[in-house]
Amino acid sequence: MLIHPQFDPAAIRIGSFAIHWYGLMYLMAFVQFLLLGRLRIRAPRYQALGWTYKYLEDLLFAGVLGVVLGGRLGYTLFYMPGFYLANPLGIFKIWEGGMSFHGGLLGVLAALYWFAKKRKTTFFVVSDLVAPLVPFGLAFGRLGNFINGELWGRPTDLPWAMAFPLVDSVPRHPSQIYQLLGEGVLLGIALWFYAGKSRRVGQVSGFFLLGYGICRFLAEYAREPDAFLGLLGLGLSMGQWLCVPMIFFGIYLMTTFKSKSK
């Protein structure tokens, strides 16, 4: 059995000043968005629209707002609505933790819609640009989860099981690593190559929704359900139920918009 190293939450300390690992992972996610985004805007579709690096910066700013606001509101609505109805001011205490990927996704979609309107283009043109950049950013986020020793997995006796001393001494799935590799690295590589070929507007976005939904749905079988929710209908977690519409909508987009040259 492996033991989680219990990293210092701060990656860098200078006197009373500290840069935490999770903040550093967010920074890395933003940097990779801009670096890979430079490559994405070279595609003929975006060159024809006159996309520039400044567009990427504006898009990143809008996306960050969407992630933070949507992620927090999604967590309060999907996971702990009763608690936050009784303690509404707690919604604003982001530093205490509590973010939802699915809520963050809805926030980003709203930001992309606003950005598309501002730039007088279509929503899926923007979302197709962004989709291949998201998984690698998620990988950094899951690495931050692992370093912090949070979002651990269910008990297991597999050889690579890991105990997380912050919770107990039970050997568990290192589910953060599963998600890092699945919805982060593997999905990112597959989506990058898929988006590199001629696709109809909307198909790349559909591939992301389908791919993420499947990866997250499967990873949830290894991840410990939230203690305050447990498992819901059909023995599925909240995360799995939220992935179901993603999967079906992803299939819809990929099959509705048939392949067409850019």
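In case you wondered, yes, glycine gets a Cβ from its N, Cα and C as well.
Here is what Swiss-Prot records for this protein:
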type	residues	note
TRANSMEM	17-37	transmembrane segment
TRANSMEM	59-79	transmembrane segment
TRANSMEM	94-114	transmembrane segment
TRANSMEM	121-141	transmembrane segment
TRANSMEM	176-196	transmembrane segment
TRANSMEM	201-221	transmembrane segment
TRANSMEM	231-251	transmembrane segment
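When Cβ-Cβ distances below 8 Å are used as the criterion, the transmembrane segment (201-221) is approached by residues 101, 122, 124-125, 127-128, 131-132, 134-135, 154, 175, 178-179, 182-183, 186-187, 190-191, 194-195, 236-237, 239-240, 243-244, 246-247, 249-254, 256-257, 259 of the same chain, each at least six residues removed from its ends. The list of residues near the transmembrane segment (231-251) in space but at least 6 beyond its ends in sequence, with Cβ under 8 angstroms from a Cβ of it, reads 78-79, 101-102, 206-214, 216-217, 220, 223, 225.
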